[in-house]
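According to TrEMBL, the domain 'Major facilitator superfamily (MFS) profile' annotation covers 9-301. Residues annotated as transmembrane segment in TrEMBL: 46-66, 75-101, 107-126, 133-151, 163-183, 207-230, 242-260, 272-295.
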Amino acid sequence: MSKSKIKFALFAMATTFFAVGVTEFISVGVLPSVSAEFHVSTSTAGLITTLYALGVAVGAPILTLLTSGFAKKKVIIGALIVFSLGHLLITFAPTFITVLIGRFIAGAAHGLLFALSSIIAAELVGPSKQASAIAFIFSGFTIATAIGAPLGTSISTFISWRIPFLAITILGLLALVMNIIVLPKDKANNTKVNLGAQLHIFTQPHILLTLLVTILGYGGTFATFTYLSPILERVTMVKSEYISIILVIYGIAIAIGNSIGGKFGDSNPVTVLFMIFIIQGLALIAFYFTTPYFIPAIINI
């Protein structure tokens, strides 16, 4: 492939990551609106995050096993179709259950899109440029965190929570068209993933420990983030129209943290990760005490 086509292919995958990033973080902004429209409690509305996460955790591994023998381009195209259909279902959902089904479907496609995009990006460039190629496509996710999700929150607050999901559907279809056009054809993989071999991994203590650390570390963070809007509205007494601004600040902080953490992590990743989880744990504990006070709560966030 020419350099221009490679850049376009990486841009197509960055667009994919942007769409995935927006939908992953949009739930915190639409939670109050979804709760109000379907007359469910805030805690019940939080299932839109839970079902998406279940789609990633349960659906993605199953789809990976089922598609392991297919060409990567066909799989990523199929995953984008599933991703877009899931969000189309959410956009026109007549009931809360329909929203949850759409979130699960979209979450199942999420895992495939992340894994395959990273692999394809690495294959498109030489070994010396693989890290930068993967970093470039992940920039779509970072931008979504800093800008896309807060923008979606504003639209949800002032117009309708369905509009952001319609926009994500369109983004998914745009990414689909770009990937169809620019990704090179690849041969089907004759080596299928064996279910028994995959399950055997979970018998290894260090793998289980790594998974446990990930679940507890990110679980605590996202459990808080999911209910950030109602916490700020009801406890910190922040007006709903200012929530999106706070989410922009949060997103920028994530982007800065990712950049700094990545640089320090190159030399001693285990120590850096250990320190990050300690700091994050202390921040979450502190948030319990700072939420009634605006300035301390914002600093804490």
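Glycine is treated like the rest: Cβ placed from N, Cα and C.
Keep in mind that TrEMBL annotations are predicted by a computer and have not been checked by a curator.
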With pairs closer than 6 in sequence left out, are the transmembrane segment (75-101) and the transmembrane segment (163-183) joined by 3 or more CB pairs under 8 Å?
yes
Taking residues 6+ outside the transmembrane segment (242-260), which of them lie with a CB under 8 Å of any CB in it?
25, 28-29, 142, 145-147, 149-151, 153-154, 157, 228-229, 232-233, 298, 301
Near the transmembrane segment (75-101) in space but 6 or more residues beyond its ends, with Cβ under 8 Å, are 16, 19-20, 23, 34, 38, 40, 44-45, 47-48, 51, 63, 67, 107-110, 112-113, 116-117, 120, 162, 165-166, 168-169, 172-173, 175-176, 179-180, 183
For the transmembrane segment (272-295), I need the partner stretch with the highest count of C-beta pairs below 8 angstroms, choosing only from 46-66, 133-151, 207-230.
207-230
For the domain 'Major facilitator superfamily (MFS) profile' (9-301), would you mind checking the mean pLDDT of the predicted model?
83
